[in-house]
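Listed in Swiss-Prot:
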type	residues	note
BINDING	Lys17, Lys57, Gln141, Gly142, His147, Lys179, Asp289, Asn291, Ser295	1D-myo-inositol 1,3,4,6-tetrakisphosphate binding site
BINDING	Lys17, Gln141, Gly142, His147, Asn291, Ser295	1D-myo-inositol 1,3,4-trisphosphate binding site
BINDING	Arg94, Lys136, His147, Gln168, His169, Tyr170, Ile171, Ser194, Asn210, Val288, Asp289	ADP binding site
BINDING	Arg94, Lys136, His147, Gln168, His169, Tyr170, Ile171, Ser194, Val288, Asp289, Asn291	ATP binding site
BINDING	Asp275, Asp289	Mg(2+) 1 binding site
BINDING	Asp289, Asn291	Mg(2+) 2 binding site
DOMAIN	98-317	domain 'ATP-grasp'
Amino acid sequence: MTTKQTVSLFIWLPESKQKTLFISTKNHTQFELNNIIFDVTLSTELPDKEPNAIITKRTHPVGKMADEMRKYEKDHPKVLFLESSAIHDMMSSREEINALLIKNNIPIPNSFSVKSKEEVIQLLQSKQLILPFIVKPENAQGTFNAHQMKIVLEQEGIDDIHFPCLCQHYINHNNKIVKVFCIGNTLKWQTRTSLPNVHRCGIKSVDFNNQHLEDILSWPEGVIDKQDIIENSANRFGSKILEDPILLNLTSEAEMRDLAYKVRCALGVQLCGIDFIKENEQGNPLVVDVNVFPSYGGKVDFDWFVEKVALCYTEVAKI
C-alpha cells in the first residue's frame, strides 16, 4: 500500500490580519487534495517545526515581524514562503513594481518615478507627462503615508508634491475599478466604486487617502461633477461593491485571467491583488495598482482559502 505524501502548510499572520481576512478561523485543519494530505496550521507565531511552506503577510517593512521573517528564511532555506521578504520588499516600492510592469509590457498609465520638482517640470514640458496626473508615494505599503495621494490639476500644484514619488497620468474611468484577487491561478474578482472623473477648473491640486475616499466629497466645486457627489454622499467612496465586472461589460473572464497571469509572472508573486480600470475613450485595460496578499474583497471562508493556497503550493512546488 502506497503512503500518501503529506505537506505541511503554516499560515503565519498577525491577529489583526486574521480578523480582517477570515469569517472564522481554525488553529489546525487537515484535508486531501490531488492525492496529497495537507496539514495546515494557523498561528500568530512562527513554527518550531519546519513546515514545507509558510504563508504570510508582512505588515511592516521594519520591526519585529520583518526581522523574525528574514532570520527564519536564512535559517530555513528549504521552506517556501508565500510571500518572501524579497517579494514584500519589492512590492513596497512603487518604482520597482512599475519598472517590472513596463519591462513586461503590462498596460499601465504613463508613470514616472521622480525625485524633484525640476524633473516633473521637464516631463510636462516634453509632454511625456500631462495634466491631470496623480501623485503616489514611493512607499506602497506598511505606513499611513503610503495611502496619501494627490491629483495635480494645474502646473502650480507641483509646489505641493512631496518627493520622491510616482507621477502617473490620471485616467478618467467613470468611477469604476475592477479588482482581481489571485491565489496562484485561482482568481476572485469584483467591481468597486472608485475615483470619479475629474475636471481642470483652476484648482491647483486635491488630496485624498485611498483608504478613506470620503475625503473626495469635500473637494472644491468643479473638480468633480455634482451628480457624482449626490450619488456617493450616502456611501463611503471606494467601499461600494457593484455588479460583477463581466455583467457590467467592463471586462471578460479571459481578459482578467490573461492580465492576472502576466502580472504575476512579471512580479514573481502568487498572492496578490490587481486593480485595473478601463479608460473612457478607448476602453483599454490599465493596471493602476498591485498589492501583495490582499484582503480578497472582504472576509473569506477559511477552508476555501487554505484549499486554494494548497492548490497554489502544488503549482509552485510542481508536485
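For all residues, glycine too, the Cβ spot is worked out from N, Cα and C.
Our reading of the ADP binding annotation (Arg94, Lys136, His147, Gln168, His169, Tyr170, Ile171, Ser194, Asn210, Val288, Asp289) yields a largest Cα to Cα distance of 20 angstrom. Nearest neighbour of Lys17 (1D-myo-inositol 1,3,4,6-tetrakisphosphate binding site) by Cα distance, taken over the binding-site residues Arg94, Gly142, Val288, Asn291: Gly142. Averaged across the domain 'ATP-grasp' (98-317), the predicted model reaches a pLDDT of 92.
Here the Cα atom of Asn291 (1D-myo-inositol 1,3,4-trisphosphate binding site) is found 9 Å from that of Asp275 (Mg(2+) 1 binding site). When other Cβ atoms within 10 Å of the Cβ of Ile171 (ADP binding site) are tallied across all protein chains shown, the result is 21. Using a 10 Å radius centred on the Cβ of His169 (ADP binding site) and all shown protein chains, the other Cβ atoms total 18. When the Cα positions of Lys17, Gln141, Gly142, His147, Asn291, Ser295 are compared pair by pair, the longest gap among these 1D-myo-inositol 1,3,4-trisphosphate-binding residues is 18 Å.
Taken residue by residue with DSSP, Asp289 (1D-myo-inositol 1,3,4,6-tetrakisphosphate binding site) is part of a strand.
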